[in-house]
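Now, the feature entries from Swiss-Prot:
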BINDING   Lys9, Thr168, Asp169, Thr210, Gly211, Gly212, Met213, Leu214, Thr215, Lys216  ATP binding site
BINDING   Ser49, Asp136, Asn148  substrate binding site
DOMAIN    275-355  domain 'PUA'
Amino acid sequence: MKYKRIVFKVGTSSITHSDGSLSRGKIQTITRQLAALHHAGHELVLVSSGAVAAGFGALGFKKRPVKIADKQASAAVGQGLLMEEYTANLSSDGIVSAQILLSRADFADKRRYQNAGGALSVLLQRRAVPIINENDTVSVEELKIGDNDTLSAQVAAMIQADLLVLLTDIDGLYTGNPNSNPDAVRLDKIEHINHEIIEMAGGSGSANGTGGMLTKIKAATIAAESGVPVYICSSLKPDALAEAAEHQADGSFFVPRAKGLRTQKQWLAFYSESRGSVYVDEGAEHALSEQGKSLLMSGIAGIEGHFSRMDTVTVYSKATKQPLGKGRVLFGSAAAEDLLKSRKAKGVFIHRDDWISITPEIRLLLTEF
């Protein structure tokens, strides 16, 4: 078995008709493949869009709504209908499914993050198939994860999956838009995600979904940095899921970081919300970036913002003003400033176990998406 624990993400276009309504036939194609993989011993998680698509018709809308309240109402109806389809299909093969609705707050709060990961682990151990979506009905727009590509990568990293498969209506990442550029070539293997890759992914996706190729590259970055390989491939092939599970998919494969980030480091890098800014001198910058040491109070050159003990802050170079990383502090801002003024600034401010350096890939996530 090439990959045992796999997260599959299906977009709205992969489970709907051209008019945006839910396609039971497409869902059956996906669940049939999931059932075969499950019976072969794989541990599976499905991140599925489509709640709005499943619900807008039932509420009398002629087409997919645009207003936030209309979309949230459609999602409230559609999520139940969507789960009904998945549950009916999987239960006919003797498989228990579970619904989990997540929001950005479930990742930003460390305890909720750990609880979600624990629940998913139990479900997988008990051979259930978790079906995950963002909690669209109650999510505030500015506090949303925003797309299920990103959500699937966050889930894959959280549960230390062996593979993330992003299923779409496009069979991978191309050097240009294959619909308008006959010279566009698919990239079958991507070892590093950089500005050039992001530029290639700049086009928009299907009219019915929100996850274009750019969000898939963002997802691939999160997963690959966490040590999870990623496939982007078409859901239209009848055996797409099985082929991906055996590393034979017809799509684009993203090579993971050789030593993926541990769960604590993932949380710091991708989900923790920075409560302040700390500037450090050249000696501290070298100790953090080159030697993997803790940040000492004596290396702090300046503090901005108000934060408490064990809050996350972003650390910057005083010389270049560039971000060096993020960490959880052992002193609140008021106490730290008092110590600095008294010239008695001794001890550890951020322990190296609570520190993550900003790699080029993480910097791309912070600046490009």
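Note that Cβ sites are derived from N, Cα and C of the backbone, with glycine treated the same way.
Locations of recorded Swiss-Prot features on the structure.
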{"residue": "Lys9", "record": "ATP binding site", "DSSP class": "strand"}
{"residue": "Ser49", "record": "substrate binding site", "DSSP class": "coil"}
{"residue": "Asp136", "record": "substrate binding site", "DSSP class": "coil"}
{"residue": "Asn148", "record": "substrate binding site", "DSSP class": "helix"}
{"residue": "Asp169", "record": "ATP binding site", "DSSP class": "coil"}
{"residue": "Met213", "record": "ATP binding site", "DSSP class": "helix"}
By DSSP, how many residues in the domain 'PUA' (275-355) are helix, how many strand, and how many coil?
24 helix, 29 strand, 28 coil
If you count, for each of the binding-site residues Asp136, Asp169, the other Cβ atoms lying within 10 Å of its Cβ, which residue has the minimum?
Asp169
Does Lys9 (ATP binding site) have same-chain partners at least 6 apart in sequence with Cβ under 8 Å from its own Cβ, and which are they?
Leu46, Val47, Ser48, Asn148, Asp149, Leu151, Ser152, Leu164, Val165, Leu166, Leu167, Ala219
What is the biggest Cα to Cα gap, in Å, among Ser49, Asp136, Asn148, the residues listed as binding substrate?
11
Among the binding-site residues listed here, Asn148, Thr215, which has the most company in the form of other Cβ atoms within 10 Å of its Cβ?
Asn148
